[in-house]
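Comments concern the structure below.
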């Protein structure tokens, strides 16, 4: 696993995506017009809390960009490595030292962890950058009541304990990013194609969200559940369980067929 991690950290794709995530996290300072204004005040000339301007609750350019590029952020750094290893013959050399089963398990586990950790970076950068300009004051329910409506994800937790709310939302992002990265790695192993490994998860997310939008059932959208403020639904549970089972079946299939 250490060898795989070392290769990932040295990849240009990883470095570029990491830089892009930092840019997304910092972008709110410009899109919200925060720089140069302290203390920053809202439209009612009331001091604004940091928690009411975080990217996960404000549906502005920063969150829209993050949501649209989410699958790419989660999959590009590591999602295509298995296809690259098969094409270059690196997988055969690795399997001569460890079993194929151990190699696949290590890679899938690392793909999940890296994908999950990376997509949380913009959220963390966003929070830290806002700390320099916005005071950490309690939320004013009247001025922020439209951010998390009563019929969406844990509104009481947001208004009573906003810090814990952001941690919970970050955990959902980690889970979603990890599953998409794992999905890409599975596709890379089965298709032997680096580009399909990245495109399949992306199109899956886009098409599923588009169909749900056409059916006017936004609460079942994966992006709105994991990235937005919608309540967690059965579709989210099924997605996570399906990806994990798919990974287990891929390991079993790969070991049985001994495909390297």
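Here the Cβ of each residue, glycine as well, is placed from N, Cα and C on the backbone.
Predicted automatically and left uncurated, TrEMBL annotations should be read as such.
Here TrEMBL flags 14-35, 55-83, 104-134, 163-183, 195-215, 235-255 as transmembrane segment.
The list of residues near the transmembrane segment (235-255) in space but at least 6 beyond its ends in sequence, with Cβ under 8 angstroms from a Cβ of it, reads 99-101, 104-105, 108, 175, 179, 182-183, 186, 189-190, 220-222, 225-226.
Only residues 6 or more beyond the boundaries of the transmembrane segment (55-83), in the same chain, are considered here, and those with a CB under 8 A from a CB of the stretch are 4, 7-8, 11, 13-14, 16-18, 20-21, 24-25, 27-28, 31-32, 91, 107, 110-111, 114-116, 118-119, 122-123, 126, 147-148, 158, 166, 169, 176-178, 180-181, 183-185, 187-189, 191-198, 201-202, 205-206, 223, 227-229. Same-chain neighbours of the transmembrane segment (14-35): 8, 53, 55, 58, 60-62, 65-66, 69, 72-73, 76-78, 118-119, 121-126, 128-130, 133-134, counting only residues six or more beyond its ends whose CB sits under 8 Å from a CB of the stretch.
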